[in-house]
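Below is one structure, written out as structure tokens, with a few remarks after it.
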2 protein chains.
Amino acid sequence: MLTFVGLGLQKNGLTLQGLKEARGADTVFIELYTSLVPGLTLNELEEKISNQIIVLNREAVEEHPDEILTAARDGKAVFLVPGDPMVATTHVDLRLRAEKIGIGTKIIHGPSIESAAPGLSGLQSYKFGRSATIPFPKTPSETPYIVVKQNKKLGLHTLLLLDIEASKKRYLTADEAIKIMLKLEEKLRADAFTPESLVVVVARAGTSDAEVKGGKAIDLSKLNFGSPPHVLIVPSKLHFFEAEALKILGNAPAEVVEKYVEK
Amino acid sequence: MLTFVGLGLQKNGLTLQGLKEARGADTVFIELYTSLVPGLTLNELEEKISNQIIVLNREAVEEHPDEILTAARDGKAVFLVPGDPMVATTHVDLRLRAEKIGIGTKIIHGPSIESAAPGLSGLQSYKFGRSATIPFPKTPSETPYIVVKQNKKLGLHTLLLLDIEASKKRYLTADEAIKIMLKLEEKLRADAFTPESLVVVVARAGTSDAEVKGGKAIDLSKLNFGSPPHVLIVPSKLHFFEAEALKILGNAPAEVVEKYVEK
């Protein structure tokens, strides 16, 4: 049996069910390259689950998962994953590989940035369109800009995740990401992400140190939001309640927010 | 201090951080009307958190939250909520009320159907457009149909939540919901949800008894998916991997799925 267990958004983001599964496993693996789990240390986690943990890099999960599959065939294997397990598409592949050779699989869900970021900002989750990821400048992509443009046309908000390179401890920061989006605006000119556009930064979602800040893109691009991970939200039309939330929870300037309120 | 704590998707869906907060609280409230948490019993939960729990109905949260606000002003109040706390829009209002009168608030996130249902189905979460809720027939709405139509036009999948009336223990079931959508197709005729359309039912997401089933709408409308909660996913264009997943994880017939694969 191969059980994928979500670690959630911070060091105690594991659920009680996840803890139980990890305690009862014959072999426990972890990957920490798809996202950052603030505060998590292997030693503390090993103590919590009373079990040893084997750390896997991207190659060992995506190209040579023999070690995982063998452990899952011969006993109970648990694979610990940041956030909610299947949000990173790479793990679906591993799950299908296991099922195809007759190894049962299951998922113990964890908190995900997909619902946490909307929740922290006070924006309504059913008003979010598709999400996208902003990659580092060395692998540029127009996709996040196009997704924001498409969502805005439909009156929908956009969650933008930021690239990470965990092996090098490099995390795209909100200010860098905003600058990347402003460059895409200069190139593609669809008025989807201008210096005047309302943007919301959510830093360290799910931790006791979480921060939400709304304002003009150009203003936020000059700020330092502290340690990672960060994400961006690009709001579209706002309900009156959402505008209130951005002012109260995100300290967004009233004159910026009010332009977006649906009449 | 008012801390919103997510209960997740089943009786052990609370995170370790959530457990700690509930144990350390002066007053603990719970609401169970925005969603169903399978297997959860108050007695067991009270034992787990070594604390008494006060159950609140919709009116006590939305119209007369004085009891919550007073407890949060005078001490540490924890408000336990199914899933991830702010997905139900009603709680944002309570949070803003507290902040406006100077009561600090925070959120301890929990697993949400918003990421769990895509994950269980093997469909990629960044390919989901906005979600919607299918209400009971007595309060009909064209919105879920329109959302599916809009998402499909963009090549995006749709998560459809199903209405609940917790006080009467009534939960809209997947077969009923499919029939409602088929009636909307007859009325609105945009080819967005026909008897031949591929649909995925996810029942009891997050529990050990979770079930995923893909197939033609008309075929699934004749099945009984067991105890609630259920949700629907209406896929749009499928990546090859997503098609594989629906066949393997959702037992979807190959000839139905393959029509949706992007060439």
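Glycine is treated like the rest: Cβ placed from N, Cα and C.
Pulled from TrEMBL, these are the features on record:
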{"type": "DOMAIN", "residues": "B:1-215", "note": "domain 'Tetrapyrrole methylase'"}
{"type": "BINDING", "residues": "B:Leu9, B:Asp84, B:Val87, B:Ser112, B:Ile113, B:Leu162, B:Ala205, B:His230", "note": "S-adenosyl-L-methionine binding site"}
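Structure with TrEMBL features highlighted.
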| residue | record | DSSP class |
| --- | --- | --- |
| B:Leu9 | S-adenosyl-L-methionine binding site | coil |
| B:Asp84 | S-adenosyl-L-methionine binding site | coil |
| B:Ser112 | S-adenosyl-L-methionine binding site | coil |
| B:Leu162 | S-adenosyl-L-methionine binding site | strand |
| B:Ala205 | S-adenosyl-L-methionine binding site | coil |
| B:His230 | S-adenosyl-L-methionine binding site | strand |
Quick one, of the binding-site residues B:Leu9, B:Leu162, B:Ala205, which Cβ has the fewest other Cβ within 10 Å?
B:Leu162
Non-local Cβ contacts of B:Val87 (S-adenosyl-L-methionine binding site) (under 8 Å, 6 or more apart, same chain)?
B:Ser112, B:Ile113, B:Glu114
Applying a 10 Å Cβ distance cut-off over all chains shown, what neighbour count does B:His230 (S-adenosyl-L-methionine binding site) have?
24
Taking CB atoms only, which of the binding-site residues B:Asp84, B:Ser112, B:Leu162, B:His230 fall under 8 A from chain A?
B:Asp84, B:Ser112
Return the single residue from the binding-site residues list (B:Asp84, B:Ser112, B:Ile113) that has the minimum number of other CB atoms within 10 Å.
B:Ile113
Looking only at B:Leu9, B:Asp84, B:Val87, B:Ser112, B:Ile113, B:Leu162, B:Ala205, B:His230, the residues listed as binding S-adenosyl-L-methionine, what is the longest Cα to Cα distance in Å?
17
